[in-house]
Ligand SMILES: NC(=O)C1=CN([C@@H]2O[C@H](COP(=O)(O)OP(=O)(O)OC[C@H]3O[C@@H](n4cnc5c(N)ncnc54)[C@H](O)[C@@H]3O)[C@@H](O)[C@H]2O)C=CC1
Ligand SMILES: O=C(CO)COP(=O)(O)O
């Protein structure tokens, strides 16, 4: 496991509690020492005792030696630099799993794309994990589900077999684009929710933004090649709900501070942990512009971050977008997915027939 922040450490615990032998790589030797000696990571997971099957080192070579699966949970903007050191040390045939929920500034690449490019490995050896996975809740062993996705189903399955235990269940799919973008985009909507929370608006405003936000997420992801149904699953709607309603979410928290009137610089200074949404706004809007998808909520988050929009005005498009009443277009009836429900029903029936009456494995 590369990264001993809140998610890397929690995922290491998930794997070790499922029976795997886990070596964590920590950038800071003092964190590696604390994990190995006391089975604690008090900066990131206060009050949590880590399993004995989990140890840590700050020696990257030792951490990667003979590893069949390498999980990565560092801040997205540091991934490329970190992988430079990993490349010569990766065991032949090792599967690399991204736990991250950001896109790279400048290139706009998803984390799995950065992994393929930087390590020069086949996409079939890369998987991503996503879903409603607030680290501290899982570290407290509260029952949770996630999705593991890879272009090769067997790769996703091998990871899902490792990432399962009595409190954690992994489903699989092969829609890497949808699974990754679900995690990236829900962060941006969670920032918007935090902002209106900070302003003092109530549940109607938040439910309106979550619902319209899901349409924005689906439009964007489908235009980038995702399957619409992935955005209705754990990696889309599931994660959107968890992140938008939890004070544990760092993106939500960052938004709340903005809504309370703190500047972007002040918020960045206050955040002790990674809030990926803050760095993803600009590259996501650039990608949206390239494919001609409108993202009014994300656009307004950017304006608040830039200091050009008063947080109290963040949702005017919900009420004053147009003089003409508009039809409510949901993710399910967007052009990209028209007939989606019917097609899905047929596909489910077909999959069940193919599986001898059992439902197909997957989220
Ligand atoms: N915390 C959570 O609940 C979840 C987080 N994620 C994703 O996991 C990824 C990692 O996030 P967290 O662990 O939560 O962040 P965190 O802020 O808790 O920890 C980040 C870790 O990366 C290390 N780090 C910082 N700069 C680095 C660098 N240049 N090179 C190497 N390591 C560096 C930090 O020392 C720390 O150990 C993010 O993409 C996040 O979106 C995904 C699901 C859940
Ligand atoms: O991705 C997460 C939950 O699934 C964590 O969200 P935050 O990064 O906003 O804390």
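Heads up, the Cβ atoms here are built off N, Cα and C, so glycines get one too.
Because the structure is a prediction, the values reported are computed rather than measured.
Residue density at residue 8 (NAD(+) binding site): 25 other Cβ atoms are found within 10 A of its Cβ, drawing on all protein chains shown. Residue 8 (NAD(+) binding site) falls within a helix when secondary structure is assigned with DSSP. Per TrEMBL, the feature NAD(+) binding site maps to 3, 4, 5, 6, 7, 8, 135, 250.
Sequence annotations record features per position, and here TrEMBL assigns NADPH binding site to 6, 7, 27, 28, 44, 101, 135, 250, 276. Within the same chain, residues at least six positions away from residue 276 (NADPH binding site) with a Cβ under 8 Å of its Cβ are 75, 76, 100, 101, 102, 184, 187, 251.
If you look up TrEMBL, you'll see 101, 250, 251 marked as substrate binding site. For the recorded site, residue 251 (substrate binding site), the DSSP three-state label reads helix.
Among the features that TrEMBL reports, sn-glycerol 3-phosphate binding site is placed at 101, 131, 186, 239, 249, 250, 251. DSSP gives residue 101 (substrate binding site) a coil state; it is part of no helix or strand.
Broken down with DSSP, the domain 'Glycerol-3-phosphate dehydrogenase NAD-dependent C-terminal' (175-314) shows 108 helix, 0 strand, 32 coil. Sequence annotations record features per position, and here TrEMBL assigns domain 'Glycerol-3-phosphate dehydrogenase NAD-dependent C-terminal' to 175-314.
Residues or ranges marked as active site, proton acceptor by TrEMBL: 186. Cβ environment of residue 186 (sn-glycerol 3-phosphate binding site): 101, 213, 217, 236, 239, 240, 243, 244 lie under 8 Å away, each six or more residues apart in the same chain.
Per TrEMBL, the feature region 'Disordered' maps to 310-345.
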Write out the long-range same-chain contacts of residue 135 (NAD(+) binding site), meaning residues 6 or more apart in sequence whose Cβ is under 8 Å from its Cβ.
6, 7, 9, 10, 44, 45, 248
For the recorded substrate site formed by 101, 250, 251, which further same-chain residues have Cβ atoms within 8 Å of the site's Cβ center?
187, 190, 243, 249, 252, 254, 274, 275, 276, 277
What is the total of other Cβ atoms whose distance to the Cβ of residue 4 (NAD(+) binding site) is within 10 Å?
26
Fewest neighbouring Cβ atoms within 10 Å among the binding-site residues 27, 101, 250 goes to 27
Looking at the domain 'Glycerol-3-phosphate dehydrogenase NAD-dependent C-terminal' (175-314) alone, can you tell me the average pLDDT?
96
Rounding to the nearest whole angstrom, report the longest C-alpha distance spanning 6, 7, 27, 28, 44, 101, 135, 250, 276, listed for NADPH.
22
